[in-house]
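To start, the structure itself, in structure tokens.
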């Protein structure tokens, strides 16, 4: 594989390697063993829609980004639709980062409490606020080169987490005796499982950029196959491993089940904590930039102060949401069902059909695209409904 293609492949792996890795054992417990086939089906569908996005780019040399594809297909409305889904997805992922950090830090340091006058914060809420204080200054940076470099260790971190969990099971005494369901398929849990599986493959906003950066664009489909295959093997291994260890008792993040006194558990948890801290600014910066672009004319000479204010308020708003909805798995299932389904499945198919026209599609393309649209629509409706109901139930 040429060096440039290998570099793009690594960037693709980083785009697909995220905190979804921690939720796949829980997703398996929700959907049953047969749902692993759906993980593979989701991976195949998302790979195909990634190819469709790049075919859309070939239709016009002026297309460089995902919103450009939306505009080429549906005009200004298409650009706004793609941008809106992408920004809301990024916002909720950033919120999920804070929830994840709070959950895992609370496991490492149980009983932590800070009191300032009449205000007292403890446990997960305390750590959500502390992490926000740490990441807020990173969002003020104009150049995120260092953070991008650190967060690019996502592939390495994912492998380390899987190996640490395996070590905890095989060496540190956790074992593989978790009691799970004997039912191969849990229909009631499928919407949640599918939402979490789709959340794992939310790298589509990055694909047009990766495609545009390649000198040998004919290698992109092959590169994307490698990325999806390796990530699916990693996700599948973690799902099976975590479920065999803890069965139906597996929590929304498998790291929360690990015995905190063991070295392997500390390695897994600290590695888990690193990526969200480094990626938070990278995730919220596109949202902040869009807001700043809107108010740039009104800012005048105070543009820098406005930028800091916008980004600080953005961090504060994610803290408020994280404190109000501290349900990591349910929130990420909602992101997967409502937003990732649209960004990764429905919109690529719709844009492709709009740009090239249904008559120009082969029978295989028509069946594949139609099947993905049907599957995506079902997941969007049922997954969003069940995720919202679970969140509302937790609040009540």
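Note that Cβ sites are derived from N, Cα and C of the backbone, with glycine treated the same way.
Those TrEMBL annotations? Automatic predictions, nothing curated.
Quick look at what TrEMBL annotates:
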DOMAIN    6-386  domain 'Amino acid transporter transmembrane'
TRANSMEM  12-28  transmembrane segment
TRANSMEM  34-54  transmembrane segment
TRANSMEM  80-100  transmembrane segment
TRANSMEM  112-135  transmembrane segment
TRANSMEM  147-170  transmembrane segment
TRANSMEM  190-211  transmembrane segment
TRANSMEM  223-247  transmembrane segment
TRANSMEM  303-325  transmembrane segment
TRANSMEM  331-355  transmembrane segment
TRANSMEM  367-388  transmembrane segment
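When the stretches 12-28, 34-54, 190-211, 331-355, 367-388 are ranked by Cβ pairs under 8 Å to the transmembrane segment (80-100), first place goes to 331-355.
Away from its own ends, the transmembrane segment (367-388) comes close to residues 41, 45, 48-49, 52, 190-192, 194-195, 198, 330-331, 333-334, 336-338, 341-342, 345-346, 349-350, 352-353, 361 of its chain (Cβ-Cβ under 8 Å, at least six residues beyond either end).
Within the chain, the transmembrane segment (331-355) has long-range Cβ neighbours (under 8 A, six or more residues past its boundaries) at 19-20, 23, 45-46, 49-50, 52-53, 55-56, 59, 66, 69-70, 72-74, 78, 81-82, 85-86, 88-89, 92-93, 95-96, 99, 191-192, 194-205, 325, 361, 369, 372-373, 375-377, 379-380, 382-384, 386-388, 390-391. Remark: the transmembrane segment (223-247) makes no contact with the transmembrane segment (112-135), by the rule of 3 or more CB pairs under 8 A.
The list of residues near the transmembrane segment (303-325) in space but at least 6 beyond its ends in sequence, with Cβ under 8 angstroms from a Cβ of it, reads 91-92, 94-96, 98-99, 102, 125, 128-129, 132, 135-136, 139-140, 284, 287-288, 291-292, 295-296, 331, 391, 395.
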